[in-house]
2 protein chains.
Amino acid sequence: MATALEERIYRTGKWLYELIEGESPSIFKKEYWSGKVIEWCMKDEKFKVQMFRFIDVLPYLTRTESVVQHLNEYFCGPDGSAPPVLQWGIKGMGLMSFTSKFMAQSIAENIKNMGKLFIAAETPQEALPVLEKLRKDGLAFSVDLLGEAVVSEAEAEEYQRRYMELLDTLGEAQKSWTPLGDGSGNLDWGYAPMINVSIKPSAMYSQMRPQAFDYSVDQARERLRPILRKAVSMGAHITLDMEHYELKDMTFALFQRLKEEPEFREYPEFGIVIQSYLKSSEEDCKRILAWAEKNKMRIPIRLVKGAYWDAEVIWARQKNWPIPVFTRKAETDARFEKLAALLLQNHQRVYFACASHNIRSISFVIETAKDLKVPHSAYEFQILFGMAEPVRNALRKAGLPLRLYTPIGEMIPGMAYLIRRLLENTANESFLRLSFSEGKSIDELLKNPLELINTRESKKPAAESEATLPPFKNEPPTDWTVEANRRSFASALREVRKSMPFQAPLIIDGKKIKTEEIIESRNPNSFSEIVGVASKANGSHAQKAVEAAWKAFPSWGDTPPERRAEILIRAAEEARKKRHFLAALQVLEVGKSWSEADADVCEAIDFLEYYAREMIRLSRPRRMGDVPGEISELFYEPRGVALVVAPWNFPLAISTGMTSAALVTGNTVVYKPSSQSAITGYMMVTLFEKAGLPPGVLNYLPGPGRIIGDHLLRHPLVHMIAFTGSKEVGLHIIAQAAQTPPEAQHVKSVIAEMGGKNAIIIDSDADLDEAVVHVLHSAFGYQGQKCSACSRVIVLEENYDRFVTRLKAAAESIEIGPVEDPRFFMGAVIDEGAQKKIMEYIEHGKKDGKVLVMKTPEKGAEGGYFVPLTIFTDLPPDHRLCQEEIFGPVLVVIKARTFDEALDIANGTAFALTGGVFSRSPQNIEKAKKAFRVGNLYINRGITGAIVNRHPFGGFKLSGIGSKAGGPDYLLQFMVPRNNVENTMRRGFAPDIDFSDL
Amino acid sequence: MATALEERIYRTGKWLYELIEGESPSIFKKEYWSGKVIEWCMKDEKFKVQMFRFIDVLPYLTRTESVVQHLNEYFCGPDGSAPPVLQWGIKGMGLMSFTSKFMAQSIAENIKNMGKLFIAAETPQEALPVLEKLRKDGLAFSVDLLGEAVVSEAEAEEYQRRYMELLDTLGEAQKSWTPLGDGSGNLDWGYAPMINVSIKPSAMYSQMRPQAFDYSVDQARERLRPILRKAVSMGAHITLDMEHYELKDMTFALFQRLKEEPEFREYPEFGIVIQSYLKSSEEDCKRILAWAEKNKMRIPIRLVKGAYWDAEVIWARQKNWPIPVFTRKAETDARFEKLAALLLQNHQRVYFACASHNIRSISFVIETAKDLKVPHSAYEFQILFGMAEPVRNALRKAGLPLRLYTPIGEMIPGMAYLIRRLLENTANESFLRLSFSEGKSIDELLKNPLELINTRESKKPAAESEATLPPFKNEPPTDWTVEANRRSFASALREVRKSMPFQAPLIIDGKKIKTEEIIESRNPNSFSEIVGVASKANGSHAQKAVEAAWKAFPSWGDTPPERRAEILIRAAEEARKKRHFLAALQVLEVGKSWSEADADVCEAIDFLEYYAREMIRLSRPRRMGDVPGEISELFYEPRGVALVVAPWNFPLAISTGMTSAALVTGNTVVYKPSSQSAITGYMMVTLFEKAGLPPGVLNYLPGPGRIIGDHLLRHPLVHMIAFTGSKEVGLHIIAQAAQTPPEAQHVKSVIAEMGGKNAIIIDSDADLDEAVVHVLHSAFGYQGQKCSACSRVIVLEENYDRFVTRLKAAAESIEIGPVEDPRFFMGAVIDEGAQKKIMEYIEHGKKDGKVLVMKTPEKGAEGGYFVPLTIFTDLPPDHRLCQEEIFGPVLVVIKARTFDEALDIANGTAFALTGGVFSRSPQNIEKAKKAFRVGNLYINRGITGAIVNRHPFGGFKLSGIGSKAGGPDYLLQFMVPRNNVENTMRRGFAPDIDFSDL
């Protein structure tokens, strides 16, 4: 049967191709400007990148000068490869010359026209004639409202309003329409509503986060319900679009929960989308079918291939998650057919929309539907507006029910959509490209994708020898879209709470010592809760701890580096085993949100895995020079006893980073955790204990800095200090440690990571969809209690009002409350002292500047150290709020006239830790890379969350001394270099003369 | 004619081979132990190395346990590749088991027997029967007395005595001899004295140094004259052997000067050697012939191939000098023939000894002599005792006059000789190996070497693009054997003196400023001489200098690294142009000897060339991580204003090193030279000026440390300090710099290289020939005024007496006086303060220990700050002389019972800079490499004179903080690391997804 079916599919495909009659999609037509551009994009990857980026930024450029400027930067730089065919000849021209302006305008016009290929109109009202023309041509539509990313509840509400308006407009218009085909009433072809609208769930709620799965879904549900209700009232069809993988399960849940509501349960015109490029698509599809069966519902399902392929691959690889999409096109095509068949089989429950431009896929559906005797009223075909016109025409000629997915919206928000379409057209495996541009043979194009699936086994890495570690990979953060993970985290929180209060005695020389004086560690979000009780060391304990570490040093220092690295790897394994427990403890002990706590544990694991490998790398002596008769080797050795003084804000990660670096390099450690995170610090020590670290090598010594800290700083047996914390304490440590006591046999070395006063610059061409979200994340993630946090945002005046408006709305949408509940993005600050200090800063700000946002926590936050999320404007750049580290959720917006001025302001503090720039000007990006002098500069992304190995972290000026954590120079600081030179010539004879260069 | 000659050579060669009758030299006879060993050596390079080294150390091993121990270490380690054929099966056995002892004794016996193959006897008396047996067999001899390296005048005198005794013994014995061949009287064959002795010039004077060419030659001449006189009196033949290339010209001069003395002018039996492997051999030969012609002398010339090939290649490559020897065997063979023909042509003036085992060479001489009708009385043949017996027999059968070069001496000093012979036998291109072991065809072996010279052009490096620098090479030190160099240096000294006193104004912001207060820089060897006058800066100058540097920073810091590197390369070029001037200035300003001053300038040039390249390497950003959608780059930037505080002891090198590192990394510099070397410091600044450094980037600021130093240390605009000097000043700088002033925008970073209290361990199996010389060089070079100098020598008790005896004699042979005269190895210390301090230490030593050596300078040293060269014994390791840095020519000898104890003593100070070990125990060497914890450990060589790139230099503990100068981590300290991360994904699209690992 398969063969007979295949044959029919082939024949139908051939027939459809014949109907195309050699027509080509306008996007490929080389006689048009867009065709030429597309051709060059397909030829030249570099040009494609620049072109897509230029298209992306173009709508933001309000002045012709900016267009000229950007054209120059994108295409006329040393890297710019303007193909001669474009002939814009701007290079070398005066920027403001008439010719260059004229050229720029014409190019901008061309690109806007390209946009119009795919976007029907800017408003529903303007779209009406287009839609009516479509209907006149026998084509149905599904309207989608394009919009900027929804970063605030205000924007979500606006979106909702626009959809209501759209429905009203269409409802009014349809009165004059006649159904397509044999339709009657308001039904095209007799079974499909004339009004068909697609809605993106991400537009319905601005704070959608899988951690707060149910809450997010319910918030979106509230906003979608009125739209759906209106659709029901007018018999319109609504499809809930499917976006990124991260939103997939929330989208299904949103759909199902709404559909289960009594008023919608019976309504057959509320549908969903399945993306066949997802590896999970079959399972999802079956689950939905089973649910529909169980509820006796009929649901419309649009089957697509999927439009976010590039991004899904990148995101997954960046997070080290399994890639959720198929990486071979044929797999997606095969899955499409499999699911199409499944949906057609279930035509009693499913109204099936086959959304593809692929003639093979279409033919498969036509013939399978015939095979399964699916009634015509159970399926339709969909393609995108402006794409694949020849396919459209062929399907129409073939008399098939065809609907165009038709976006409406402005250019700016339309760009993301346009680029997705261009990507689709220019991708190497694009069906359209292969069909219409590359002229692949029809036989090839109509092949069963199963045949094309390369059957070779994916390369498995060769079995690693036990001696060598596999290459370093970052620990994947928890994927909150997986329900099991959410459950596991919630259960870890319960487990932690059950064990409270934890007990943390001192650990000196492997012995646990309980002291009478204690440190209470409390939940910042609920300060009546005692998370744990740690012992409190005094000077005499400090003395004993140093002695224990010094006693353990000779044997640990001489332990082979590979063995020391093994201990780190085992500690990482221990941490992995209880990662949710460790993260949950942080939620309760230091008030981190789920994600922040999870990221901290990942980073701790990363440090262990990375430094283990770094040590193995550095343990190989480097041969120096190349003369015969001599072997000269450079290598590194531990220093001795390291004092690690750790902060509470990354209570596991930074402690583990500094400690593991000290340990793996062969030093022994006296570890003083912050009192605020003494319990998490204790947990770190137990990880190393479980990993088999010998007693005395790591000593746990919580206690007051002014007593034990100073005792240790002056101690002649302390060889080095690794510190992360405030500038004040850091400078004190540096000054103290440099006073070499007379009995010392070395100079103490200090690594100090201190504060920051980090700025993000918003250029006049910045993508605000991205900028607003990342600024807020960078400024208010963990309540701004990160040395890397953004506390100044410097906005070019051209963009100032738009940015500030969106920022304000988005900031006001942030939910504040006890972060144990994952719906809260922001929680309490660490303690009363912090609360008081931050409130003082806010008072200063109120006095001297303007409050843009001051959002207080929701009810239920009375028992925690909460402060309002605060954004100021109109403060001078040298104001103390713009100069001093606040370490809380306080952000200042500063206006700058030029990019250079913005850089000056950004650089104008005593700190140099992190910084950010949102810009789409290659020239400004390059300028910032050079002149925005901070330890870690981030372009077009947030400025917190440095990842081990990918982003070696640390600053200079008063932000720190020493080289970057999680980077290739870091371990060197924990060691002294040595050089052994052996004269290998004896009696005139040496073993290794190399004659090759004589 | 050539062809006819070639044919005859071939025929004669064939005939000689026939006379060999399949005989093989005993060394290759596989039925013997030695034959097996030689076979394995030729098969396995690693084994050969171990074997040669074992043979080298064996005679030093007085106890069987030591032999067993060393056998184990050499052949049974993880690397040891004991071939099964040797079957000593010691591995795993108890070290002291009877079997292992038995095996060890038998192996030792075998090796000693191998020695006896090549060494006739231990004393002249014992040798007599051997020599008489030779004569009975029709063979003449030339006796050579083997001996340890002559490291003292006492040893040179002993050598002289032994030669006198040898001549007496032979004179007495010859009375009973009858001449060989048709000889009569005391003449073999009618023309050759029966007594023939070879003498090494290096045995005649212990302090032979080419810098003091004439003086060295004359000292040797004094000692050789009595021997020669005695030879004349008895009609004996004396050949002055030719040793290393370094001694070649001195050997010729010694020969010529003696020969020109009236009493020897007519004596025809005093001869010399020409080594045809030297590229200069033809020129030398012609020069000697012309000289003989001019003086109407007849001189014996022995023509050899040359026996120090490996060492010459190694030494030349280590110094980056042209290799003086041919690197292809055929070139040497061809040169041999060319010179043989030349010498035969000049038979009126030359008595020619053809010294070769190569049958082709021998046949060439036989036939060429025939061709040229050279009388038989004008030439003879020579081969080595114990080598090439088949050749010997063939020549004897052929009736040719043949003499054996016959060494006499003990095993220990004989080892160097034995290893040269083994090397010769086992070399890949060895004629004997090819003939008798590898069975190469006779036709091949008899080929004209000219045919074999590979005519391919030597690879020339591809023309370097201007953008890239050629790879780093160390600047070659001056070759003092070249007369032009000696002259040039002497003339530079005159030039410097002529310009004295130099004027050195301050240089601030490019402006030269003369102050009223001045610093006088005086010649330490003649303190009435003012070398120069430098201005003296005060606090206000310091302030101006920092401001100038800070003003110059933005532009210099942003100058592309390649441009900054260019300035260094140009400065190096400037230094090269006037290197003798710069070195001569040091001789006069700080009292360095010629070589020490020359090395300092080379090191300065090296720093410039090395750091230029290092900066280019480091200026390439490193891409971090490998996720798509992100470009993360790690790179480095300058810190700001660097204060360079330099010492006087390496007045150009260390100043240039620190300054060029600061400059090339983009910092601007305030340079404070030592007042004692302010003029040399000024010269460094002018090098940079000439190289095009912009004004203000490098400011010259001599002055008192307590005024300008402290002002600068506290200055908020000084970003970093690079210091080299004493521990006291260093710790002060570190402590001061760490007090961050409130107005500072950064923490100062400090690199400090401080003192040392460096030890050399002399193991019980150490090669004392090497150890004594290197200890003295390390301890007394530049009067011990180096932080790397050896001030403690720790001797294993087994070796103590022998070592101390030789050390004492050698130390007493060192000549002390004003180092402007190159014959003085040691000169005055830097100034009166140093003199006083050192004398105080010497007083302490005298009080608490025993004086082994106290050598005062020669007359003429009254006007300098001289102190005696002093060696103490019997001081406890914790005595202040064993703990404190003296910085003068004071050495303490400490006895240790075990190697572990020696290591403990060595490590038992607060310093950790350099250290050394002389040992031939692989196990102890490995132990020291790990446990002798110093910055720079040197095995079997001196501990001073670290070379840029080859020996990254610097210590830890109280010897310094910061990473090694001249090494790959050094420049990092002058920069801050930065990381730029660009999110390259826009609208879901990023340019660089790598699908290969999906």
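In case you wondered, yes, glycine gets a Cβ from its N, Cα and C as well.
Remember, it's a predicted structure, so these values are computed and weren't measured experimentally.
Feature annotation from TrEMBL assigns domain 'Proline utilization A N-terminal' to B:6-118. TrEMBL lists B:130-433 with the feature domain 'Proline dehydrogenase'. Annotation comment: TrEMBL describes B:457-478 as region 'Disordered'. Marked as domain 'Aldehyde dehydrogenase' by TrEMBL: B:516-975. Feature annotation from TrEMBL assigns active site to B:Glu753, B:Cys787.
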Study note, to complete from the structure: Between the C-alpha atoms of B:Glu753 (active site) and B:Cys787 (active site), the distance in angstrom, to the nearest integer, is 9
Check your understanding: What number of additional C-beta atoms lies within 10 angstroms of the C-beta atom of B:Cys787 (active site)?
Key -> 29
Exercise for review: Please give the average pLDDT for the domain 'Aldehyde dehydrogenase' (B:516-975) in this predicted model.
Suggested key: 96
Study note, to complete from the structure: Summed over the domain 'Proline utilization A N-terminal' (B:6-118), the DSSP helix, strand and coil counts are 81 helix, 0 strand, 32 coil
Exercise for review: Return one of helix, strand or coil for B:Glu753 (active site), based on DSSP.
Suggested key: strand
Revision key, fill the gap. Within 10 A of the CB of B:Glu753 (active site), the number of other CB atoms across every chain shown is 26
